[in-house]
Each structure stands twice: as C-alpha cells, then as structure tokens.
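Student: Sending over a structure as structure tokens; questions will come in a sec.
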Amino acid sequence: MLRSHGAGVLRKSDAGQQVTLAGWVSRRRDHGGVIFIDLRDSSGITQAVFREPDVLAQAHRLRAEFCIAVSGVVEIRPEGNANAEIPTGDIEVNATSLTVLGESAPLPFQLDEPAGEELRLKYRYLDLRRDGPGSAIRLRSKVNATARAVLARHDFVEIETPTITRSTPEGARDFLVPARLRPGTFYALPQSPQLFKQLLMVAGMERYYQIAHCYRDEDFRADRQPEFTQLDMEMSFVDAEDVIAISEEILTELWMLIGYHIPAPIPRISYADAMRRFGSDKPDLRFGLELVECTEFFCDTTFRVFQAPYVGAVVMPGGAAQPRRTLDEWQDWAKQRGHRGLAYVLVTDDGTLGGPVAKNFSDAERSRLASHVGAEPGDCIFFSAGPAKSSRALLGAARGEIANRLGLIDPEAWAFVWVVDPPLFERADEATKVGEMAVGSGAWTAVHHAFTSPKPEFEDSIESDPGSVLADAYDIVCNGHEIGSGSVRINRRDIQERVFAVMGLEKAEAEEKFGFLLEAFTFGAPPHGGIAFGWDRTNALLAGMESIREVIAFPKTGGGVDPLTDAPASITAQQRKESGIDTKPKEVE
C-alpha cells in the first residue's frame, strides 16, 4: 500500500506514530516559512505541516488537487490551533517526505465553491471529489448492500437478466440496437426486467431480485434519465400482502441508515381516495390541505363554468391577502399545465366572498360556500371544473404549490403511504395526452403494465366494463414521490389474452410479440407477484438530494446528453454500413 492510514482516521491517540498519507491537496496555506496542506482522501481531511527545509522547498510547487503522498509524524496541534469542525482537528502530520503522484492542471471550477450543473457533469470526476456528491455515491453503495442483506435473509436469488432483448410494447419507446449478424433486425434495451422475471418464476426460482439497469427513450424531462436503475423483485406463491411485507422490511432498514425509524405498518390509501382527497396517486402526506368535492354543492348552479361533471376546491389559508398580480400569476401557472385557468374566490375578513367568480353564485351558494369547503376569513378558495381526472390533478398540483409557498412542508419529515387498488385500465387517449404510450391499438391501455392481474372479483368485467376493473397492485409513495410500484401478475394464458384483447392486441399480434410468455404460462406457471423500486429516486431521498442526477455517478442532463463524453454522438459511415442499420429485413417466407 502507498499509505498507512486514511486521512480522516487519525486522532489524538495516534500522536507519535510515523504515518504515510496519500490523497489530494484540498487547500494550501503559506505562513512565512511554514506551509500547511489540507490533505483529502475518501476518509476525510488531515492537516500536513511542512517545516523541514527539504520538504518545504518541495511543497512550494503544490497546487489545488495535486495528488500527493506525505510521510511524517502525527503531532497534537499547538494550543489554540485545534479545528473542532473536522474529526482530525486535534492533530496534524509533521511532514518529513513528500511525493507528487500526479500534478493537476488549473481547475475548471473551485471544488469548495458552487458551479453550474453542466460544468459539474462535464468534469464529474472532479465534482465527485467534493464531499456532498462523493458522499451521495458512497451512501448508494451502503443502500445496495443493505437491500441485498435483507433479501439474502429471505432466500432471494440474485439473477441477472438480458440487457439486449427483443422490442416489446411496454408503455414507452425502446432504445434500439442494430443486430450486425442479422442485417435489418434490431435488439432493444430493456425498459424493465418484467418479462424475464416472470419467466424466472415459471422456471421455479421462486424468489428473484436484481439491481437492474433499465432504458426508456422518453421525451426529455427535467429529472428523468434515459438509463435508470431499479431494485427489482419477484416472488412465487405469494399475494400482495407478502410482497408489501418484505418491501416494508427493506424500507425500514434503508431509512435506519440515516437514523429514521419508519412507523410500521405503513398506512394505506386506495387509489380512488388518493385522487379524491389529494388529486394525486402519489400524495405528499407531510401536510393537510385536502381537496373538497363541490359537484353536488353546485348541482343547480346557473354559473355555466361549474355546470361540469366534476367541481372541486382547495383552500389556501391566508390566500385572500395575495395581490391581484399574484392571483393573475396563478392563472398562468394553470395554463402551463394545460388548463384554461384556476378559478378563485376570496373570503374577506367579514366573511363575504370576493373575486371575479363570486358574483356568478346564487345567494344560497355564497352563504354556504365557505362552510362547505372549510374556509376561514382571509382564505382563498381555488376551484377546478371539468373532467374529474384532469380537474383533480390540477387541484392536486395547486395543493402542493400552496404548501410550498406557505412553508407548510417540514423538510425533515417523512411520510410513507401505500396507494392500493388502482384501475387496471385507462382510456388510451387520456394516456397519450400526458405523454404515455398505449400498449395496443384499442380504446384502453394498462395503467401500470399489461401483465398486472385484475383483482379476482373483477375478472368477469374485463371485456364488459374495463373502466371498472381494479388491479391487484400497490405503489409505495414517500413525500409525494412514487419510489416503488408492484402488483400480483397474471399467470394464466387465458386471462393474459383477454387483457391484451381489451388493449387492442388480438391473438395473432399478441402471439407475435409475447408468444414466448404466453407459451410459458401453459407449463404450470405459479401465482406470483413483485415490485420494482425506483432506485435512483430512493437514493436521492436518502441522501437529501433534490435531483436523481446527484446520486448517479455519471448522469445525463435533462436533455439526455452526457457532457463528459459528449454522448450521444454520430457514427462513421463504416460503422453505419457494418451495423446494417439501413438494410431492409428479409421477408419471412
């Protein structure tokens, strides 16, 4: 080894020891005939002092981020010079030798100062030397080890599934890879290990997991990555309760890494109640502000805007004090989300109603509205009217915006909830409106994925009333973020074919795209279920990071670009020719 100790482990008890440290120059300070270096490695920082003429002369050439090795004697710092802000602050190393292991060019940014994200990502190897980014990646390693330990206790088998496979419709666009040896054909990078893990259950593996890399060619979004990671699990001979139990055990141990004990059992809410009360299938329960149903209240209204299939409201405490300009900005906020605006009523100090909408109400509506929605004098009532799903979603977003503006969210709080019993199907046109891809060509598509089992009591309604069918599914939500999604799976060919048919995948097309899975179901497929945790988001929450990019070693930007390697990049004409990307596939006779 080139060093005897880590820079962050030395203490008073090590005084008098001869040590060799290796790391990077974090700071250099010249004090008239003495040079002080803060030497940093992955374990921390130790101050090295250069007094002896030989090493002092060498130390003059040191600059920030030079990689060096220092030998010397551990000494207790002179009285008054201790640094209580670092664990090694009571000692220093009196250097007797210095070796420069690697010089550093002038830095593109100072590691102890803020820098723009694109610059940080271009020089990510420098960014990760900083305490915050580096600590987040190291925490991720502990998170992986902790999850593996829990699953090992329960006899799970870690199995790697293919990362190049065939393209199958799973709800997003595939990344395609040309198959050189079969010109005109393509592999696809997997959007998830879903099909393979189900086949592993048919294979008798019974308890499977992997930390899986997944790929989705989605439209660019601020906090999405084209390549992401899941903790993927599947179990045979289980129901939803079994999967939820092991999931809660994993989550409990993960959050213990940061000193928080998750109260057990984690509460549950139905999908329908989550949408009705919070306007979201991933509600943030760190604060109140529930939505109020107003459809019946306005059932006889003459106000045409509220003559809608759904009318709802959310109250902003103290919101009546907002200036007109701010209230106008709320309208722009709603329009950015695809709505015409956000109607509002102000409750004045004497309890009367103000604002442009209130004049359209009847006397009876005005007299009872504040009581109905739970508003007090000085509050603002926001409304949305129209189709229930989109109107509730707008109010749910407004609920979160209100909480942020009023400081209602405790940043140190944790709120977990299982959202259960979602619909199995949704209208395909509604899915495509929000950027999702319909699996088939039918009027309905899967809410989760096409392999989710309906709850048994709804099997007879699959064809006759798809919109009423509930899925045997469960999502785990933390602080308004979905961090895991799971379900009991279909394990019967006839049920799977019926679900495909509702989504517009008739037997011939289903056989072409999923024949291998359907055939496997004919060989005694066991009941099975599982869950996949969004590992990047889970790690970001544990590390206290806003963006998942902070917990990925080499992430892409929101535009899907890697500033470090300048990927994606064009290919040469020779590469294009060899790949066969322009070759038409041979017709199957």
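Including glycine, each Cβ sits where the backbone N, Cα and C put it.
So Swiss-Prot has the following annotated:
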BINDING   Glu170, Arg216, His448, Arg489  L-aspartate binding site
BINDING   Arg216, Asp217, Glu218, Gln225, Glu482, Gly534, Trp535, Asp536, Arg537  ATP binding site
COMPBIAS  575-589  compositional bias 'Basic and acidic residues'
REGION    194-197  region 'Aspartate'
REGION    563-589  region 'Disordered'
SITE      His31  site 'Important for tRNA non-discrimination'
SITE      Gly80  site 'Important for tRNA non-discrimination'
Student: Taking a Cβ cut-off under 8 Å, which residues six or more beyond the ends of the region 'Aspartate' (194-197) line up next to it in the same chain?
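Tutor: That would be 161-162, 165, 168, 170, 208, 232, 234, 449, 451, 514, 516-517, 530.
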Student: In angstrom units, rounded to an integer, how far apart are the Cα atoms of Arg216 (L-aspartate binding site) and Trp535 (ATP binding site)?
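Tutor: If we compare the Cα positions of Arg216 (L-aspartate binding site) and Trp535 (ATP binding site), the gap is 15 Å.
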Student: His448, Arg489: which of these binding-site residues has the highest Cβ count within 10 Å of its own Cβ?
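Tutor: Answer returned by the neighbour count: Arg489.
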Student: When secondary structure is assigned with DSSP, how many helix, strand and coil residues does the compositional bias 'Basic and acidic residues' (575-589) contain?
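Tutor: Helix, strand, coil within the compositional bias 'Basic and acidic residues' (575-589): 5 helix, 0 strand, 10 coil.
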Student: Which whole-number mean pLDDT does the model give the region 'Aspartate' (194-197)?
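Tutor: Taking every residue in the region 'Aspartate' (194-197) and averaging pLDDT yields 97.
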Student: Tell me which of the binding-site residues Glu218, His448, Glu482, Arg489, Trp535 ends up closest to His31 (site 'Important for tRNA non-discrimination') in space, Cα to Cα.
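Tutor: Nearest in space to His31 (site 'Important for tRNA non-discrimination'), counting only the binding-site residues, is Trp535.
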Student: Could you say whether, by DSSP, Glu482 (ATP binding site) belongs to a helix, a strand or a coil region?
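Tutor: It is in a strand.
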Student: Measuring Cα to Cα, tell me the gap between Glu482 (ATP binding site) and Arg489 (L-aspartate binding site) in whole angstrom.
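Tutor: Glu482 (ATP binding site) and Arg489 (L-aspartate binding site) have their Cα atoms 20 Å apart.
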Student: Which has the fewest other Cβ atoms within 10 Å: His31, Arg216, Arg537, the recorded positions listed?
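Tutor: Each of the recorded positions His31, Arg216, Arg537 was scored by Cβ atoms within 10 Å; lowest is His31.
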Student: From the Cα of Glu218 (ATP binding site) across to the Cα of His448 (L-aspartate binding site), what is the distance in angstrom?
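Tutor: Here the two Cα atoms lie 16 Å apart.
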Student: Could you tally the C-beta atoms, other than its own, that fall within 10 angstroms of the C-beta of Glu482 (ATP binding site)?
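Tutor: 16, counting other Cβ atoms within 10 Å of Glu482 (ATP binding site).
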Student: Taking only the recorded positions Gly80, Glu170, Arg489, which one has a CA atom nearest to the CA atom of Arg537 (ATP binding site)?
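Tutor: Its closest listed neighbour, by Cα, is Glu170.
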Student: Rounded to a whole number, how many Å is the Cα of Gly80 (site 'Important for tRNA non-discrimination') away from the Cα of Arg489 (L-aspartate binding site)?
Tutor: 66
Student: For the region 'Aspartate' (194-197), what are the DSSP-based totals of helix, strand and coil residues?
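Tutor: Here the numbers are 4 helix, 0 strand, 0 coil.
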Student: Tell me the Cβ neighbour count for Trp535 (ATP binding site), meaning other Cβ atoms within 10 Å of its Cβ, over all protein chains shown.
Tutor: 26
